[in-house]
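Listed in TrEMBL:
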- B:1-22: signal peptide (SIGNAL)
- B:30-72: region 'Disordered' (REGION)
- B:30-45: compositional bias 'Low complexity' (COMPBIAS)
- B:55-64: compositional bias 'Low complexity' (COMPBIAS)
- B:79-130: coiled coil (COILED)
- B:251-273: transmembrane segment (TRANSMEM)
- B:294-315: transmembrane segment (TRANSMEM)
- B:327-348: transmembrane segment (TRANSMEM)
- B:369-389: transmembrane segment (TRANSMEM)
- B:401-424: transmembrane segment (TRANSMEM)
- B:444-465: transmembrane segment (TRANSMEM)
- B:471-489: transmembrane segment (TRANSMEM)
- B:524-548: transmembrane segment (TRANSMEM)
- B:568-595: transmembrane segment (TRANSMEM)
- B:616-639: transmembrane segment (TRANSMEM)
- B:645-674: transmembrane segment (TRANSMEM)
- B:819-868: region 'Disordered' (REGION)
- B:859-868: compositional bias 'Basic residues' (COMPBIAS)
Amino acid sequence: MAMKTVVAALLCSMFAAGVANAAMVTNKDGESAILVIVEGESRIEVVVDSGATEMICPSGCFVTAPSGDHIGLQGDETIEIVNGSVVVK
Amino acid sequence: MHSAAKLTVLSIAISFVVLTLAGGGTATAQQAAQPQHAAPATPAAAQPPQPSPEGQPAQPAPAARGEADNAPADASPLLQQAEDQLDQADQELKRLADRVGAAADDDTLLAELKVQVDELSKQIISASVATRSRLDEIKARLAELGDPPGEGQPPEAAIVTEERKRLLAERGAINALTGRAENLSVEARKLANGITATRRALFSNTLLKRTEVSVAMLSEAITTTADESRALWRSVSSWLTFAWNYKRIPFLTAIFLSLCGAMIFLVGGYRLFSPFILQHEEQDEPTYFRQLSLAFWSTLIPTMALIAFAASSYFFLSSFNVLRPDIAPIIAVTLGMGVAVFFVTRLASAVLSPARSSWRLVRVSDRGARMLMVPIFAMVLVNGLDYLLGSISDSLGSPVLLTVAKSFLASIIIGLILMAMAWIRPTLRQDEPFDAPGRPWPRVISVSLLLLGAGLIAIALAGYVGLARFIATQIIVTGAILVTMYIGILTGRSVSKQGAFAETVGGRYLERRFKLEQVGLDQIGLVAGLGIYALVALFFIPLILLQWGFQIADIESWVYRFVTEIRIGTITISLVGLLAGVLFFAIGFVLTRWVQRWIDGNVMARSRVDAGVRNSIRTGIGYIGVGLAGLIGLSAAGIDLSSLALVAGALSLGVGFGLQNIVSNFVSGLILLVERPFKVGDWIVSGTTEGFVRRISVRATEIETFQHQSIMMPNSLLINASVGNWTHRNKLGRSEISVTLSYASDPRRVIDVLHEIAAAHPMVLKNPAPNVGFTAFGDERMTFELRIYVADVLTAGNVRNDIRVSIYERFRDEEIGAPFPVKVEDTTPEEATPSDIEIPAAEEEKAEIQPEESETRRRSFGTRSSRR
């Protein structure tokens, strides 16, 4: 019984702690943007619709913006896409 | 009609695939074009080329450095610093990679190295993050400067052009630097994931490795689970969004096509095998073989359809470029697990058949069957999920801890399920109906289930999670394989049962096609049953061994060794050699038979060789051929012929004692073949045995008597004793008929009549001519003997019959007298009796004997055998 409580408590705390830790990308442009994200071993394309907000790379990554600029992210930033270019707040 | 429809469907499917591939091709082309669209967005003057995303980390760097040297003095130190950090990180990474390579077996060291690599990749990112502010400044300044003037616009000031150029160059340098950092970070990640994979492999492959199971470890596992599930959700959702937005048509087509493939398999399978399934379902009292075949097909067809669906969906998704490298393994494992879970569940439901008790393969109650399905399904699901999550962790590069924790949980759940299974009451007595409440398991099963479950939990709790997981997996997978094997063996047994094969479809076909008898079908059924046993053993035993971690190469080498050399002490037996020996012997035997038949039928029959010679030659060829085949077979079997000398020595000793008879019979047989005192079909007499020779074989000769009794006469007897042969050179034979007449008849007349009768018969030879002899004066009668010669001694009996009949008729007609002993009135005077008194005892004895003797003689005349 005690075990169960511990597990439940841990579970809750983990979820609470885990959610905060990721970069938020918001697309301010009129059209959806494709970001190429290099995270871990894989290179994945993430579509951010116009006005949408996505959570990306919780543990640091590199992002290639539609403008062609490469930037490094630590994983706790808030980012906006303006005119195809990435702006870190 | 059917084939036309199938062709249409096929052509539609093909055109669909072609169209979709073309669509996918354009989609890829668009994708490839996207960076080019993006490129003009960057100012055209950006001198350093964009670093290509993959590889070449070092190449752009010197160029970037060269540009950086030209860059303004305030930008240079920042870039230079980042550059130095990256160089340092690069060297560190190489060093770590070397250490990882050296410490492949040391789990603790690997864990430490993993921490260092993670730290390094953070450093790499932070090095590039440091350049971000400068990039922002440049972008802001470039925005202030505005776009360069287009065609026809007034030229801007030279200083503005110069500054723009400078800024763009610096921007390019920063991008190149970040690109290099990106590549380094990917390498670091690869190394980190490689370490994790090695550690996971260490965990799975080392059964007896103890892991500390504690609350702290579990809580950490829960944290990582949360992280992993978020990472998984993000990967999958970003992939799905991307696929939906940009590759919708290939994505949907892939799913549609794979569904089509599954449908084709499913419908085709059911249509093809509907005679096995539908017809059976109607029956209430199916035979065991039909139950088995229904279980088999109803498991196989849907599983094949699902496999087709899984394989084709993976194939189409990957060939339409919809899959992404991080998603592909997850999809593959998910599909594989789905197939495995489905197969085991389907198999269990085929065996238990919870809904229809008459189709149940094992004798359990209705309720027991339903209850058993639950834990089986649960165990398979838990084990499957364990593997699925394990490979998701693998592809996401999650910590090893998570794999351990999941396996721990899975082992405990499976242990609990096993223990719960012990309380199910499925068994039935022979006389109970299926809807009876059921009885508990036999003690052995319930106790072993409890022990197994408890042991599994105990092992997991003790920290040997790897072992617990292995056992749990083995219980499920080996159990499924064993159940399948058991069904296979049951199938073999029921096929080889008397009369069962004739009931099957194959049996009925054979009966129709080759008009086989019941006995033949039974024999085929026996062979088929044995074949099924062999197949089951051949297929499933390696499967179980593979499950237990043996490699295919191991099994191959075992089989090879088993087949080529079995050592018993100093003797080496080679199964292949023995088999080859048997095969060569069989070939030699068949060849011998063929040569025998050919020589007998073609060569000797045409050259009109005597039947006896033919038989001898044929038998001789048979002996020689079989002997040669035996020798070839022996040497092919790897038995050294020189070692036969020893055997021959032993045999010769044996010949001296016990085998003497057999050898002498054998040699006598050979002599009989060469000398040919008689041949098959001859009528011979040897001692008391008389009859036709039916067969001359190695040891004995088969003689069939006139009563059709077969007598095996040892050849040595036929050689050593005198043998009479009625048909040796020719079949000419003499036959006698004795005729007794009273003294009232005229002897000359009798002789003439007998001559006439003999001459009148068509089968009596004129040369040598028949003759009549007056052979004896009997007490009361004269004895005549008619001697006739017939061409074929075998017909003598009939001829004699005819002649006797003629004699009787002629004598009666001509009133010559009866040609046979008639009861003669005893004319011995009665007055002799009184003189008995005077006769002395010895005399009296003589007198008594005399009439008796004469009586006997007379009787012997009368009953004289006149067969010949």
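Using N, Cα and C of the backbone, Cβ positions are placed for all residues, glycine too.
Curation plays no part in TrEMBL annotations; they are all automatic predictions.
Of the Cβ pairs linking the transmembrane segment (B:471-489) with the transmembrane segment (B:616-639) and spaced 6 or more residues apart, fewer than 3 are under 8 Å, so the two regions do not touch. Looking only at the coiled coil (B:79-130), the predicted model's pLDDT averages out at 85. For the transmembrane segment (B:645-674), the list of distant contacts is 616, 619-620, 696-701, 714-716, 718-720: same-chain residues at least six beyond its ends, Cβ to Cβ under 8 Å. Using a Cβ-Cβ cut-off under 8 Å and counting only residues 6 or more beyond its ends in the same chain, the transmembrane segment (B:524-548) has close neighbours at 474, 477-478, 481-482, 484-485, 488-489, 491-493, 495-497, 500-502, 506-507, 510, 516, 554-555. For the transmembrane segment (B:294-315), the partner stretch with the most Cβ pairs below 8 Å, chosen from B:327-348, B:369-389, B:616-639, is B:327-348. Listed by sequence, the residues of this chain that lie at least six past the ends of the transmembrane segment (B:568-595) yet keep a Cβ under 8 A from its Cβ atoms are 562, 621-622, 624-626, 628-630, 632-639. Same-chain residues lying 6+ beyond the ends of the transmembrane segment (B:401-424) with a Cβ under 8 Å from its Cβ atoms: 200, 203-204, 211, 213, 217-218, 220-221, 224-225, 228, 368, 371-372, 375, 378-379, 382-383, 385-386, 389-390, 393-394, 440-441, 445-447, 449-450, 452-457, 459-461, 465-466, 468-469, 471-472, 475-476. Under 8 Å from some Cβ of the transmembrane segment (B:327-348) lie the Cβ atoms of residues 232, 235-236, 239, 298-299, 302-303, 306-307, 310-311, 313-314, 317-318, 372-373, 376-377, 380-381, 384-385, 387-388, 391-392, 394-395, 476, 480, 483-484, all in the same chain and six or more residues away from its ends.
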